Each structure stands twice: as C-alpha cells, then as structure tokens.
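Chemist: This is the structure I want to talk about, given as structure tokens.
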Amino acid sequence: MVVPVAGLACVTLADLAEHCRRDIPETRWFTQRSPFDRSTATTTPYVRGGMDTTEILLDILVVLLAAKVVGELAERLGLPAVCGEIFAGMVIGPSVLGWVEGDGTLIVLGEIGVLLLLFSVGLETELADLLAVGRASLSVAVIGVAVPFGTGYLAAVALGIDSDAAIFVGAALTATSVGITARVFGDMRALTTIEARTVLGAAVADDVIGLIVLTVVVGIIADNNASAGGIALVIVKAIGFLLVASYLGIKFAPHLFKLVSRFSRSSGTLVAVTFAFMLGVAEFAHLAELAPIIGAFVAGLAMRATHVSERIHREFTPVGHLFIPVFFLQIGIEADVSQFGSIAVLRDAALLLVVAVAAKLVSAVVLRKGQGDRWLVGIGMIPRGEVGLIFATIGLERGIFGDDLYAAVLLVVIASTIITPPILKMRLTKVRERAGAAMVGEARAVDEWFAVKDGRFDLVDDPPITSALEVTFEAALLGRRARPGDRLLSWFGTLPDEPLTWDREARLKFFELLEVGEARSWRLLAVTGVLERAIPELADGLSHRQRDLSDLDPLGVYSLPRLSRLRELGERDLLVHPERVALAAFLLDMVPAEHRLQLVEQVLRRMGVSEATQASVAELLRDHDLLLNAATRFDLLGEENIAQFAAHAQTEEQARGLYVLALLSGDLESWELARLHDLHGLMRHVLRSDLGNEDASSVVEARRAEAMRRVDEPFVRDRINVAPRAYVLAASVDELVRHASMCEPPVDRRSVRVVVTALGERQWRIEFAARDRIGLIARESKALAEMGYDVCEALAVTWGDQQAVASFRTVTDLVPSAEVLQRSVIELLDQPVVLRPVADASVEFDDHTSPWHTVCRIESPDRRGLLQAVTAAFAMAGVSVHSARVVTQGDRATDVFELNQGEATKLSMAARAMIERALAYGVMEGKRRRF
C-alpha cells in the first residue's frame, strides 16, 4: 500500500497513523551489528505495539543528523538548506546507502513538518499586507501562476505525458519560493526596494493562489471530474473555506488564547493548545475535502491576530527545525537516484526548467515605468520551493507521476532554487550601480529632503550618496512618530552594499539620534540595513540580539535600555561632552561583551571622532562597571582606593562619565545609589585637591614633589620620581621617602635591609629592602611567621631596577630584632619556597574593583603562617603582590591582595588556576608535585 506524503490532501492524521500500523511489519529483527545493516538476524526484537521502537528511533536519529549536517554544509556553500536536505535524503535513502526507508513513522513526521511549514507561513503573513499587496504585486502573482501553469501543461503534453500528469506538472511550476528570494534581498540589504516589495507581495499572493490551485487540481483528479461545473465547485469550496475559516479564526482565536493565557499555569500549555488548534483547523479543511495544509495556513493567519503570536513564532521555530527538514528528506528518500542519469529525465527537466524560468520572467511585463526593474522582479519570481515539492510528492504518491517524471520535476525545483541567487545578485548589483550613478544633487539642509503628511514621511527628492548617513539618521528621528513612505524605502534599497562614509554632519545627527532616538528609530535603521552599513562592526551584536528567544516584545530587539535611562538622568546635563557617555552607552547595549574592547577602536575610527573622544569612550567602556563594583565593596572606600580611582579617571569629566554609566546599569538599591554618590563625591574631592585643578596627574605629582622636597640625596630623589604610579597613590609621603631611602644605595642579590619601627602597644612596622626575585615576599612572610609575628597589613613596591620593598604591620608581644630578621630572610633566600596545602581556603578573583590590579580575596580558618602560604602560592604563579590587608574575626581570616602579573595589570586565567591549585595541593618551588 502506498501512503501519501503531503497526502494530507487526502487523508487525516488518524488515517495516516492507521496506514502506518497496517504497513509496518509486526516485528523487525535487530541485533548487535552495524546500525545500518538491516539484514535478518536471530536475536530477540524489541517491539512495542507491533512496531520496532529501536529501529524507529534509529531512523529518526539518522534523518535528523543528516538533515542538519548537510543543511549546514549547503548554507556554507551558499546554497539553500532545503537543497541540502533533499540531497541528504537521496544519500541515506534506498537509492544510495539504504540507511533509511520511507516507512510510516517518517511519513507521519514529515506530514507534521509540512503542516508546521504552512502554519509558519500563515503566522508570518500580515493579513493587512496580503490585502494591500497592490495592483502591481497582484498582477505579477496572477500572471506568475497562470503562465507557468499553462506553459507547463503544454510542455508536458508535448513531451508525451498524459493529461493528469501534465496538470500536476503545470501546477508544480506555479508557486514561487518566497524564502529564497527574501534571503537574497535580505543578504544584500535590499528588502526595502520597490522590486523586493513587489516580489514579496506577489509571493504572498502566489502562495495563496498556489494553495487554491493545489486544492483544485487534487479535487479534480480525485473525483475524475474535469467539467466546468466540477472545477467551479472546487474553486468556490477552496476560496470559501479560506475566507470563512480565516474570518472565524481571526475573530475568535484572540479570545480563545486570552483564556488559555489567563488560566494556564504550565509554560507548555500555550504551545500544546496552539499545536492542537493547528491540527484541528487542518482536520476541518480535510472534512471540507480540501488539503489539510490549507487548514494549517489558515490557523497560522488566525494566530497572527492573537496577542501571543510573537511568543508562538519563537517557540514553534525550534519545533519546526526538527520536523520540517524531515519532509524535505522524505522527498529525497523517495527519489530514485538512478533516474537522474536517464537521458529522457534530463531532457524533460531541461525543457521544463526553460519553461519555468521564462514563464516567471514574463510575469513582470505588467510592471509600468516607475514600478521597478522588470528583470529584477522576474528573476525574483523564479525559484520554486515548498509548494512545488508538495505537488510533485502528491503526484508520486497518487501514482500520477512515475519515478522518471518525479525526478525531472525534482531537478527543476532544485535547479531553479540554485540558479536564482547568483543571477539575482548580479542584476541587483547592476540596478544599484545605475541608481548610484544617478544619486547626485545639490547639498541642502537635511530637513528639506523630507515631507511629512498624515502620519507618513517621505523623500521629496533623491539625496546624493554623500548625504546618505545624515539623511538616514534624520529619517530615523522622524520614524519615532510617523511611518516611512515608499520613495524613502526604495532609496534605502539603492544605497551601495558597502560601508557608508561618515562626515561631521552625519556625526552630529547621530549624536542627536543617541539623545532622543527610540526603538522604532533603531528598528528602521536595522531593517533597512543602514545600521550595518554605517557601523559594520555592529552586525554580530544585532544578530545576537535578534536571536534572543527570551524577548517577546517585537521592538525589544531595538530597545537600548542604557540610552533610555540616560535621557532621564539629571546628572547628564552636568557633562561637558554628553555625547561620549551616550556613545559608550550605545556600544554597551549593542556590542556583546566578549567583542567590545576589540571593536570599539574600529567603530570610533570609522565614525571619525576626535582622538580625545576615542580615548575617553574606550576608557568608559573598559571601566564601565568599575565604580559600581567598588561601591558594593565596603573595604574599598579608603583613602588609598579613592586616590587610585581618581588617578585612573584623570579628569572630573571622566569620573562623572563613569558615575553616570554606573547609574545606567539597572535598578539599583538605595544603599547602592548612596555609596555610588559618596564614591563619586570623594573622587571629585581628590581631583580638585592639591594643585586645585581637575587633572588627577596633579595628585601623583604633588605627592612626588612633596616627598622629593624632604630629601637632599639626588639618587633618592630620582627613585621617588620614577616610583610606580599606583604605589605613589597607595603610599603616604613619609612611606615614599622611607622606602626610596632604603633602596639607596641599591641592595645586592645576597643582602637584605631591615627596618623595625614601633607603632604602638604590641604593633610594629617591619620593612624589608632586597633585590626582587620570585617568592621574595613569601620568604619574608615565612620569617615573620616563624618568629610568631601576626601580619595585619602589607604594602609592596618594586622599581624598574628590581629593588623591592615590603612593609608589614605586625602584632606581637615580642620586640622584633632587625638583625635576627635579616639573618633569617638571607638564609631563606637559599631555600626553595615550600607551600603546604591550604585546602580549606576559598579563593575569589575580581578584576572590576581596581583599575590596575586583580583583587584576590582569600578566606580561611585562621592559622599562623597563612600569609606565607598564600604569598608562596602567588610566587609559584609568578605574580607580584602590590598590597595586602589581613582581617581576623574570631577563628576566620580574610586576606585581600592587589596583584599584578609581569607588565600586565590583571592576572591571566592560567595564573589564577595555578594559584588555586597551589593552595589546594601544595607545591615546592621548581617542582610540580603534590605533598
């Protein structure tokens, strides 16, 4: 028995399932052998309900993998995925490898796929657009169906094909595949051209007419009634069902799905009810003796009118990705590949291809002057696709087509699909070149290019290419409150498919757009492809936002939350250069974090902004979360940290910019806002202190100048003058003088200088000066630990000539001896650094709370020697300690370190992992073994 594929035209899903139950053998033997060896074996089969479940699952596995792998490969070769899926079906089918046969289960999956395909077509069809395709589109659609049908029928008869088969051949050549043409126009950013809109409008009407033709042809041949009355009855029935079912669906579906949304608790209920709704309307179409796929199309139209249409589209898309390819693979599976080598098949396919191409080109002759390029419209109508394949499959399953004619029609569909994209691109490029040559004119004020009337705005003339960006951004501003006109949309499509040139006027207009633009503005720029041509680096970010399935708002993709919040901030008005913060907020919203820093320089250079703006925006992007992270850390608002933040910002304007970006991060708690405000105020105070100007470099230089005034030794003064910037901000002036003096004359590799100073009861400052080496601080910490000194704070600095000073504030009941400490450290210099495991320590790294260092926080049960163990781990990882703070509460110790790695300011992931491993397992210097 033959089971019809897309033969939903004549059977219901229940009927189909019954066919499957009758046709599938009671048992299929399955054994431990090659998964594709279907030969008989003697092991016990695993069957359920008369079906070999294991073999069915294997078939599904092979089909889905083949569909996706070959489909991806086809798209990478520039071919439509559907061609790859059909080819994959041929390869895995009985004609070649024989891995999969066209059994009932795959047929059911394919039928579900074709229902989902037509449902998605209806879901994406705006009824208003369908009714307003315009006379030109409707004329192209009607001629684009009638001429291919008639010429296809005559060509088939001329080839000696019988009348029924010739009717199916003609019908298979009628419908245009809108997806292929839309993909090409979209890739070339030409969807707004008059030609693209004509073709897409015609294709929508073409789909509906093609479905009616499908129903009429199947009905006539099924009833064997080709009388005028019989044909008229089928046509009336098809059109009547479309009109009545669409009206009822659009009227009642919104109420039905409001109830479902209101009373459902499970997130999957809506999807399940929608799927059942689609099957129900398909069954009504079957009861009306029409193709169930027409019912699926009507169900999609009805769902389009509901408030959940966007959600359904997003949630049904992955379901379609599973089932729709099965339908196209089934087409390939049922093809007899040996027929493709037949001279007769190739002859028939060649003639039918010529007829198919010529007939669609003829459809554009009705276009009048000013309605677009006829050749471009005609070429856009050439590709056949889903509906043509459905015709061919029905013809094969009903016995109307033989394998040879099925193969010929399949070749025509595939060939027309493959040849269209390159031809369409060539013609579109030529049309653009011709339009570009005509895009010259006098310069005028940007608002003089537009006329606004009755809620629509349009061009009064075609602007020159030199004004393209300025005019485009003005259009985006107008698009906030009005709809763009046809002339403007067509002009967008004629812009060259290459990056557009920025000038001063374009920049100023773009900054205005950043200030007041809305989601509709950005949507206009994105849909017309101008945003990608203005800033090509944003293409990936925009694509990433469009793939976000969690956003159910159709304009959500184009909502830029930071820019929206920026307009509401009074702090923005205090900025001297608000456009810099606006540009940073725009890039934060549009560019994924992993690519942001690499792309920002390219974007800013393309826009032609000043070097000062480039530097400022780059720094704002790099440190956009610096203040917010610092404000949430209660241990980072000390004088040392505030000075670091201020020096990093350098100017009060930049500090205010960082503050504003922090406020744009989202809904902040009141305590976070208060701490941000305090942090910003302290930074401004530092920036305005000392020399009284707003340049943070004055803070560093003032400290250096004060320290140098206190010493007479020229070498010490020189050392103070070249002290690291971060250290100057962290240390007091007294410490600058003392530490620089300890390094003069320079300490040799075998010596250590020690200075001990009493600070108060039980508190001592112990400072070491030595030649820098890996593990120096670890050895100094070990010496302190062995003598029973508890360290509560540390500061370290290394000069360019490898002179290193470490200052420890300790607590002890003993009086420290500088001589004893000196001997102990010198002895330890000859010994390897040994780290025993500190497995109960938790380690946290933070790159966001210090502008120059990685902050490392280590919590552990308090024990003597903990600081030595931690600094030994740092030594093993080759990182330097800038500062350390040790806080002990009860029996818990919290150590906070600011770390550097070589010339870089932040630690690499490898260094972090090495520190964690060293603390967890222990290590000996020069070894990589566990204790």
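Any Cβ shown, glycine's included, is placed from N, Cα and C.
The model shown is predicted, which means the values in this text are computed figures rather than measured ones.
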Chemist: According to TrEMBL, transmembrane segment applies to one of these ranges: 319-337, 433-451, 908-926. Which one is it?
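Modeler: It is 319-337 that TrEMBL annotates as transmembrane segment.
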Chemist: Under TrEMBL, the annotation transmembrane segment belongs to which of these stretches: 55-76, 165-186?
Modeler: 165-186
Chemist: Please determine whether the transmembrane segment (405-424) and the transmembrane segment (81-100) are in contact (criterion: at least three Cβ-Cβ distances under 8 Å, sequence separation 6 or more).
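Modeler: The transmembrane segment (81-100) and the transmembrane segment (405-424): touching, yes.
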Chemist: Where, among 81-100, 136-159, 319-337, do we find the most CB pairs under 8 A to the transmembrane segment (349-367)?
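Modeler: So the stretch in question is 136-159.
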